[in-house]
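Have a look at the structure below before the remarks.
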Amino acid sequence: MSEVAETHDATQSNSSAAIPRDLVIERLVCWYFVAALTYLFISLTGGLLMALQLVQWNPLQGIEYLSPGRWRMIHTNAIAYGFLANSFLGALHWAIPRLTLKPVLHRGLSYFIFVAWQVVVCATAIGIMMGHAQGVEWGETPTWIDPLALVGLALVAVNFMAPIVRTEGPLYVTLWYFVAAFVWTFLTYAMGNFVPEYFVPGTSAGAVGGLFIHDLVGLFVTPLGWGLMYYFVPILLQKPVWSHGLSLVGFWGLAFFYPLNGIHHFLLTPIPDFLEYGAIVSTIAVEFVVTTVIINFFGTIWGSGRAVVTNLPIRWFYTGMVLYFVTCAQCAMQVTHTFQKLIHFTDWVVGHAHLVMFGVFSMWLFGIMTYLFPRLLKQSWYSRSLCEWHYWLSLGGLLVMFIDLTLAGVFQGYYWASLQPWDVSVQGSQPFWVTRLFAGLAIIGGQLAFMFNLWMTWRLSKRAKAVA
Amino acid sequence: MFESKSGILLIGGLGFFLFAFLSNALVPILLYRDMPEQSVEELVENQNLIYQFEDLSLRYPEEFQEHYGEPTKESLAEALQLGHDIYVGEGCWHCHSQFVRPVSNESARWGEVSSSKEYQNILNRPVMWGTRRVGPDLSREGGRRGNDWHAVHFFDPASLSPSSPMPKYPWFFDDNNPSKPNKRGIAIITYVQWLGSWLEQYPLYEDFVPLEEQMQNPLE
């Protein structure tokens, strides 16, 4: 039917001989992905509500539990802890046992973590909706849920570390990233949610808050994302990673420089200048590291470039990588005080955040889902063209949104610096905000196409099972 | 070492994270360790804030009596703390910043550039700097506008500034009436009036420059 499905079947028959049938809890991978997509829609609803509010078209004004201010926090938290965390957990449940050829510590624990994590994410959303958010950006999870989330993260680490520890010899690149990510995610979550709340106020709390915002992306999402790329890209292209040396540079460069970047989120604040410059220099260093990783992946695909056209998961992966490079190139410039003067506090930053969270990591996870759902359901996609719609609507919507918000940021920066009345900057932003609304609708349309496709594929798989 | 489990776990995972925490978090913590942190009880020893709180009690006598009784330091502390909690819970800090930068003419618009001692208090756990300005910075907002302006503005922002995309907050009011702020309404107004009330120059009004003069080429 489609070329994607054929390659799936081919790789499956090649590799299935070596892999015991009960190694991966496939049902759980599926559950994680479905949970992730559910939260994705909750997040998209929050984003839509905020976009409508900005252009003064919000039809749900004045309802306390639907307040755009609260839903703005649900928007980001549902993406970080609902969509990204759940899809990562699903992908890890697939990748780690297959890579180590050993099962996770305990199947019962895996199911328990699944349920516990959904409780954590739902409680977070309800807590924020009730107005109990914590004042840490990306960490608005109400304070009473934080210890529970932390226990959950510890259990995740233990469950996945068991097969990794039992592996002998040097670890494959993917596992470097995963091992480090388990440690970093736990430490980052504890630091960001406890230190600025219970230990220090003011400027020190700001410095820790900056570290948290940055580490959540850099030490939780980024290493898991790259780890999965190092796993899935060679499998799909059926050849090894181009350079082992470059992957070493990439990992250790990230591990050293990334944690030093956090303060760049609060430049030109009362945080001492020498700390700000330290963060700026480390940020620029990270971009050099990122370049080596990108070179490595393009070296890997060199000679198999047609896969980008024919193989949808590979196309999602490499689109994400190109956008990752754009994000990082942008980062190296915007982190300087020269750019900060103009663009800090503006929609430029919002565009940057969407580029990295949706344009890179969500795209990679969509690629992984596009690849794995047919294998989990034992049924090729209902419609290849709906998969294409998912890709093109997501990419188109994202690119329009990114360019639009970046431009809006430049305009807002100059409006403010020119000391015109505040209203002028708001009115000047309206055309950009209207454009952003429609870009967002395109993204939502893409995800609806994906959900419909998944629903129909699931129905086909049921029918196939019934016949068999 | 670079590909072994213990190397990655101890050096990459723990070691580098700890190094970053020491250099980027512990250094500012140590720098400010001798700067005393003010409690809410200390913060309400502030004539500007007391004046605004008494003004609220005179302007909305029935509502104030019902929710806070008399305008004492205790009731002021209660209102200020609750106002802060609402500011956090409603996500106000995602559209309003609370620091004035030394660039981009911000001190001409909002006044004195922010300094660390302004944030060394319990209401800045975690600090309310924010990362986005859809609306203006609020760290110098106190005293600039009257309590009645704030009440009407929270009830329906667009009625006072027509292009404002700020949401309505009718749940800060009883009977859907902007003249009847409830416990939360009085608290959030108290919190907004507190912002900047510790400065000598209070209230602070931005420099007014007529638009025609702004449009002129500064190089002429």
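Positions of Cβ are set from backbone N, Cα and C atoms, glycine also.
Just so you know, TrEMBL annotations never went through curation; they're auto-generated.
Because the structure is a prediction, the values reported are computed rather than measured.
Taken from TrEMBL, the feature domain 'Cytochrome oxidase subunit I profile' covers A:211-468.
Under the heading transmembrane segment, TrEMBL lists A:29-54 (among others).
Here TrEMBL flags A:74-96 (among others) as transmembrane segment.
Per TrEMBL, transmembrane segment is recorded for A:108-132 (among others).
Annotated transmembrane segment per TrEMBL: A:144-164 (among others), in sequence order. Within the chain, the transmembrane segment (A:144-164) has long-range Cβ neighbours (under 8 A, six or more residues past its boundaries) at 81, 89, 92, 96-97, 100, 102-106, 109-110, 112-113, 116-117, 119-120, 123-124, 127, 134, 171, 175, 178-179, 182-183, 185-186, 189-190, 193-194.
Sequence annotations record features per position, and here TrEMBL assigns transmembrane segment to A:171-191 (among others). Through the fold, the transmembrane segment (A:171-191) approaches residues 92, 95-96, 99-100, 139, 146, 149-150, 153-154, 156-157, 160-161, 164, 208, 211-212, 215-216, 219-220, 223-224, 226-228, 230-231, 241, 244, 247, 251, 255, 259 of its own chain, all at least 6 residues removed from its boundaries and within a Cβ separation under 8 Å.
The transmembrane segment feature in TrEMBL is assigned to A:211-233 (among others).
What TrEMBL records for A:245-267 (among others) is transmembrane segment. Outside the transmembrane segment (A:245-267), and at least 6 residues removed from its termini, the chain residues within Cβ reach (under 8 Å) are 173, 176-177, 180, 184, 206-207, 209-215, 218-219, 222-223, 226, 230, 275-276, 278-280, 282-283, 285-286, 288-290, 292-293, 295-296, 299, 335, 337, 340, 344.
Marked as transmembrane segment by TrEMBL: A:279-304 (among others).
Remote same-chain residues near the transmembrane segment (A:316-335) are listed as 229, 232-233, 236, 264, 267, 279-280, 283-284, 286-287, 290-291, 294, 297-298, 301, 308, 343, 348, 352, 355-356, 359-361, 363-364, 366-367, 370, 391, 395, 398 (criterion: CB distance under 8 Å, separation of at least six residues from the stretch ends). Residues or ranges marked as transmembrane segment in TrEMBL: A:316-335 (among others).
The feature transmembrane segment is assigned by TrEMBL to A:355-377 (among others). Tertiary neighbourhood of the transmembrane segment (A:355-377): same-chain residues 4-5, 8, 12, 26, 29-30, 33, 36-37, 40, 79-80, 83-84, 87-88, 91, 94, 217, 221-222, 225, 228-229, 232, 236, 312-317, 319-321, 323-324, 326-327, 330, 387, 390-391, 394-395, 398, 402, 443, 450, 454, 457-458, 461, selected by CB-CB distance under 8 Å and a gap of 6+ residues from either end.
Long-range neighbours of the transmembrane segment (A:389-417) within the same chain, counting only residues 6 or more positions beyond its ends whose Cβ lies under 8 Å from a Cβ of the stretch, are 312, 315-316, 319, 323, 341-343, 345-352, 354-355, 358-359, 362-363, 366, 370, 424-425, 428-429, 432-433, 435-436, 438-443, 445-447, 449-450, 453. Taken from TrEMBL, the feature transmembrane segment covers A:389-417 (among others).
Annotation comment: TrEMBL describes A:437-455 (among others) as transmembrane segment. Within the same chain, residues 37, 40-41, 44, 47-48, 51-52, 54-55, 57, 358, 366, 373, 381-383, 386-387, 389-394, 396-398, 400-401, 404 sit at least 6 positions outside the transmembrane segment (A:437-455) and bring their C-beta atoms closer than 8 Å to a C-beta of that stretch.
If you look at the transmembrane segment (A:29-54) against the transmembrane segment (A:108-132), you find at least three C-beta pairs under 8 angstroms, all six or more positions apart, and that counts as contact. When Cβ distances are compared across the two stretches, the transmembrane segment (A:108-132) makes contact with the transmembrane segment (A:74-96), since 3 or more pairs at least 6 residues apart fall below 8 angstroms.
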